[in-house]
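Undergrad: So TrEMBL has the following annotated:
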TRANSMEM  7-25  transmembrane segment
TRANSMEM  37-62  transmembrane segment
TRANSMEM  83-111  transmembrane segment
TRANSMEM  117-136  transmembrane segment
TRANSMEM  148-173  transmembrane segment
TRANSMEM  193-212  transmembrane segment
TRANSMEM  236-259  transmembrane segment
TRANSMEM  279-306  transmembrane segment
TRANSMEM  318-336  transmembrane segment
TRANSMEM  342-363  transmembrane segment
TRANSMEM  375-399  transmembrane segment
TRANSMEM  419-437  transmembrane segment
Amino acid sequence: MIHTHTLSLSFMLFSFFFGAGNLILPPLLGKHAGTTLATALLGFATSAVLIPIAGLITIAHAGGIVPLSERVGKRFAHLYPAITLLVIGPALSIPRAGIVPFALAIAPLIHRANTTLLAQLIYTTCFFIVSYWLCMRPHTLSNTLGKVLTPALLVLVLLLFLASFTPTLGPYLPAQGAYATHIPFSQGFLDGYLTTDALASLMFGNMILTYLHRTRYTTAPFPPAPANILADMRTVAWIAGAMLFFTYGVLAHLGALSARQLPHTINGAHILASVSLHLFGKAGIALLGLIFTIACLTTCAGLLVSVSEYFHKRAPRVSYLCWIRLFTISGFALANTGLERILAYGTPLLMILYPISLVLIGISHLERLIRIPRAAYRLTVWSAGTLSTCAVGTPLVAHTRIGHVLNTLIHTLPLAQEQLCWLIPSAAVLILSTAHARLREKTCTPRGTLPLTDN
């Protein structure tokens, strides 16, 4: 039987993951995939659901993001979690969560520039005040999100789904665009990769571990066994993953149904707005605005708590509430610089950190089958980080000689067009460095003695 606290944490975890990007990508996938939707959705779920679940379980196995990072090195363990939290939280996702609902659901209804700016300030002020209020008592966040906001969000999405059975929408059209020219599963996988939820899973995993201790084991006479924590994390992760998969399926289905009646939609937000207007009239726009606001509000609250708790542990002299205030104010300020500016500086940083997170998750799970030397951890992570940095930074120096050379080298690597140029080289580095370490052990270890492990 699933414990009530575990179920509440599952709903809360779902709400953390399900932000603006998770709303926008599936409808566009559905429109382009058409009759190949089932296969494309499986690919999308592999990278946007299964890999984040693996990230959560990785954190439970390691005991936190810092112990996991220490397998690469002490300095890395100090820098990587801090930089990742700052990028995914205050620098990008927190301000983006504050402005996206306004930009997609409210701004299109306002036609005067001066009025739009004032309305944006009012909306973001209210948004971040509510976010701050939610985060003031982190121990009650699972109740607020898990028992109120997340069920409300799921009901609203379900309402859209039920309304889609009207005969004015559908049927599915043949696949178009990349889904017509590529294997639907692989293209769906690449679209799911853009959610970057594997990166978030390492941060939220830390937070869920803390909540498990607070809610499940506060009255226990002994500290919980690692196996119990791992079992609880698996349950929470798989329930949240199932809800994500269901919601992605609903949104992708709406996108696929819209292709015939609403062919001129250009992105996921436009598809959802057009479908909502088609099904419910002007009330549909209000419904969509409410869906976007709840989704972004829950994600913002989760990020604020996660980042603030981490930095409070690192710098305990600064109180948790001070960190919350700092990141809330910075999120409000950055949100009002505009969505385009946020994405312009934040997305490249995210694309550098994301491969590193995927490598950490992959090696951690592989280590249950074979022993991975610390040197292999270090070399593989640094190779993924170096290649992703080169891929992101090359356009900035494209006009120089070194930029031309880097661009040529990057595009000769496998999967460069899919933004996965780091994958095959990193796998090769992992195999070669592990094999080299094993050979050294065999040649350096006297017969009859056991090799020393370096993990």
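Each residue, glycine too, has its Cβ placed from N, Cα and C.
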Undergrad: Can the transmembrane segment (7-25) be said to touch the transmembrane segment (375-399) if we require at least 3 CB pairs below 8 Å and skip pairs under 6 apart in sequence?
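TA: The transmembrane segment (375-399) and the transmembrane segment (7-25): touching, no.
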Undergrad: Can you tell me which of 148-173, 193-212, 318-336, 342-363, 419-437 gets the most C-beta pairs within less than 8 Å of the transmembrane segment (37-62)?
TA: 193-212
Undergrad: Considering only Cβ pairs under 8 Å, which range in 117-136, 342-363, 419-437 makes the most contacts with the transmembrane segment (375-399)?
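TA: Answer, by Cβ pair count: 419-437.
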Undergrad: Would you say the transmembrane segment (117-136) and the transmembrane segment (318-336) are in contact under the rule of three or more C-beta pairs closer than 8 Å, pairs 6 or more apart in sequence?
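TA: Counting Cβ pairs under 8 Å, at least 3, so yes.
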Undergrad: Tell me, please, if the transmembrane segment (148-173) and the transmembrane segment (279-306) are in contact, taking contact as 3+ Cβ pairs under 8 Å between residues separated by 6 or more positions?
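TA: When sequence-distant Cβ pairs are counted, the transmembrane segment (279-306) touches the transmembrane segment (148-173), since at least 3 lie under 8 Å.
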Undergrad: Which residues, given as numbers and ranges, are at least 6 beyond the ends of the transmembrane segment (193-212) yet have a Cβ under 8 Å from it?
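TA: Cβ under 8 Å, 6 or more out: 9, 12-13, 16-17, 21-22, 25, 47-48, 51-56, 58-60, 63-65, 68, 81, 84-85, 88-89, 93, 142, 224, 229, 232-233, 236, 302-303, 305-307, 309-310, 350, 353-354, 357-358, 360-361, 419-420.
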Undergrad: I need to check the long-range neighbours of the transmembrane segment (342-363): which residues 6 or more away from its ends have a CB within less than 8 Å of a CB in the stretch?
TA: 51, 54-55, 58, 68-69, 72, 80, 83-84, 87-88, 91-93, 95-96, 99, 196, 198-199, 201-202, 334-335, 372, 376-377, 380-381, 384-385, 387-389, 391-393, 419, 422-423, 426, 430
Undergrad: By a Cβ-Cβ criterion of under 8 Å, what residues six or more beyond either terminus of the transmembrane segment (419-437) are in contact with it?
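TA: Distant contacts of the transmembrane segment (419-437): 190, 193, 351, 355, 359, 363, 370, 372-373, 375-376, 379-380, 383-384, 387-388, 391, 410-411, 413, 454.
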Undergrad: Please indicate, using numbers and ranges, the residues of the same chain that are 6 or more beyond the transmembrane segment (236-259) and have a C-beta under 8 Å from a C-beta there.
TA: 2, 6-7, 9-11, 13-14, 17-18, 22-23, 26-31, 33-34, 37, 40-41, 44-45, 48-50, 52-53, 56-57, 154, 157-158, 160-161, 164, 169-173, 176, 208, 212, 265, 268, 271-272, 274-275, 278
